[in-house]
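Report on the following structure.
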Amino acid sequence: MFTGIVEEMGEVKQLGYGVNGGFDLKIGAKVVLEGVKLGDSIAVNGTCLTVTEFNTELSEFTVGLAPETLRKTSLVELEPGSVVNLERALLPSTRMGGHFVQLVWIEGIGGKGKGVVSLMSDMGMREIEGHVDGTGEIVSLDPENDSLWVKVKTSPELLKYIVPKGFITVDGTSLTVVNVFDDELCFNFMLVSYTQQNVVIPLKKVGQKVNLEVDILGKYVERLLSSGFLESFK
């Protein structure tokens, strides 16, 4: 699990198929290597990947990309020199500063004496799993004073889970959606100056892809409604 607050930006040093036939991605980094162990999870542009090799002296680590990861994420577009967002998986002692949604079971709703699933925000965070739902394409980058408007186009399958003032993870960065443009299959968000300096999104160009992880709350609600669960209260 991740917070969506980028710890550092790393640089792709090497990528391609290794001698074992797998696709390897080697990244230069410093902060995320502190205390790293083989098998640890690191989010690379929002994609949860497993550390297979690391060298703290050279400040680099390697992760493996499965074929499904290459198909579903924008990581396939990376090349040597590309900059990526990096975040280590949460520890129990990690300061919680992103967005998190907690599932709570509440008894006796509506006098029915039955439990229903209630969703509430906890500690200002939401759950970010590092499981990319799909990609979007940057369609515009428009400055306003020292902030930056970013507009992204995505598929109808993902857009249905995106709502104004809701949360979205873009390349591993937890952000708040400002507007949704259903007729254009687009949504936008704004990056303040500090965020622009610490994430990769402003470094990308119009037409480039970004990884998207939608708020799981929408999926829970959709699943709940389609299961007929609410009918049991009538």
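The backbone N, Cα and C atoms fix where each Cβ goes, glycine too.
As written in TrEMBL, here are the features:
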- 1-99: domain 'Lumazine-binding' (DOMAIN)
- 127-225: domain 'Lumazine-binding' (DOMAIN)
- 1-99: repeat 'Lumazine-binding' (REPEAT)
- 127-225: repeat 'Lumazine-binding' (REPEAT)
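Residues in the domain 'Lumazine-binding' (127-225) partition by DSSP class (helix H, G, I; strand E, B; coil) as 26 helix, 42 strand, 31 coil.
If you average pLDDT over the domain 'Lumazine-binding' (1-99) in this model, you get 91. In the domain 'Lumazine-binding' (1-99), helix, strand and coil residues by DSSP number 13 helix, 42 strand, 44 coil.
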